[in-house]
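Undergrad: Can you read through this structure? Questions will come right after.
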Amino acid sequence: MDPVPSSASHGNLDEQIAQLMQCKPLSEQEVRGLCEKAKEILMEESNVQPVKSPVTICGDIHGQFHDLAELFRIGGKCPDTNYLFMGDYVDRGYYSVETVTLLVALKVRYPQRITILRGNHESRQITQVYGFYDECLRKYGNANVWKTFTDLFDYFPLTALVESEIFCLHGGLSPSIETLDNIRNFDRVQEVPHEGAMCDLLWSDPDDRCGWGISPRGAGYTFGQDISEQFNHTNNLKLIARAHQLVMEGFNWAHDQKVVTIFSAPNYCYRCGNMASILEVDDSRERTFIQFEPAPRRGEPDVTRRTPDYFL
């Protein structure tokens, strides 16, 4: 085991977290130092990262910093609450930089109390289209912070397993994956590929139709109840929890309550009018959804994005 960081470095990190909680970005140099520490922690985590309950499971955030602050207000501060985030921290919202920096800082400060999975937006290619790249340029005057973060994204775990029974990931299942060991055995440290198992985990969606289907997203697959039932049976799972899709109530059951979608960005893109939710799993593995609405905004710019939408 590495030695625990000294209290001096904790103090510095606590100051950075306090600054980020006020939605003030760190310097480029501070981001670089933070991401170096985060990489050392994330390198040790598994493609299927084990997580103990109690835990609060969260879906997409998409740079909606004030709503993330609201999430922590409702769900409890980290480290008081153990958190599991299922990806898509950046793009679309106005504060991707502050959002992802805060989550990474919390990971470095409390590595056992927060798990950050990779979403399909934690990728070099997607962030160049949907806002994170442009935001880094605007806030730092160059692309260095974007590069630092997208290099770090390669190390984020792809999935998590809560108490051996709730399988958590951003997107969904893959026709090339039958078991959790299949996932444990591949090399995740790379840009999200255009196809194949790793791509599918971050891009696929559950569907009402049986079997595998072609995804309208152009990546991943749709998978039916027969597929999720087989996967859950093979791997001794009770539930698949995933994010990746806007759901108006903040959560949505599928496949006879064996798959749930959790979405944690209320009024998505500042215009969708949806609720957000988080899923609390307690010591006895009882599950409770907590829904929330957007945090009150003061003087926030009205962001109109010129980027294409995919709400599918």
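The backbone N, Cα and C atoms fix where each Cβ goes, and this holds for glycine too.
Quick paste of what Swiss-Prot says about this protein:
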| type | residues | note |
| --- | --- | --- |
| BINDING | Asp60, His62, Asp88 | Mn(2+) 1 binding site |
| BINDING | Asp88, Asn120, His170, His244 | Mn(2+) 2 binding site |
| ACT_SITE | His121 | active site, proton donor |
Undergrad: Using the centroid of the Cβ atoms of Asp60, His62, Asp88 as reference, list every other same-chain residue with Cβ within 8 Å of it (recorded Mn(2+) 1 site), in sequence order.
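TA: Apart from the listed residues, the neighbours are Gly59, Ile61, Gly63, Gly87, Tyr89, Val90, Asp91, Arg92, Gly93, Gly119, His121, Ala243, Phe263, Ser264, Ala265.
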Undergrad: At the Cα level, what's the spacing in Å between His244 (Mn(2+) 2 binding site) and His62 (Mn(2+) 1 binding site), rounded?
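TA: One finds 11 Å between the Cα atoms of these residues.
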Undergrad: Around the Cβ of His170 (Mn(2+) 2 binding site), how many other Cβ atoms lie within 10 Å? Please give the count over every shown protein chain.
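TA: Its Cβ has 26 other Cβ atoms within 10 Å.
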Undergrad: May I ask which of the binding-site residues Asp60, His62, Asp88 is closest to Asn120 (Mn(2+) 2 binding site) if we compare their C-alpha atoms?
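TA: Smallest Cα separation from Asn120 (Mn(2+) 2 binding site) among Asp60, His62, Asp88: Asp88.
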Undergrad: Please list residues from the chain of His121 (active site, proton donor) whose Cβ is under 8 angstroms from its Cβ, counting only those at least six apart in sequence.
TA: His62, Gly87, Asp88, Tyr89, Val90, Asp91, Thr127, Tyr130, Phe132
Undergrad: Near Asp60 (Mn(2+) 1 binding site), which residues of its own chain have a C-beta under 8 A away, given they sit six or more steps off in sequence?
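TA: When sequence neighbours closer than 6 are ignored, Asp60 (Mn(2+) 1 binding site) has Met86, Gly87, Asp88, Gly119, Ala243, His244, Phe263, Ser264, Ala265, Tyr268 within Cβ distance under 8 Å.
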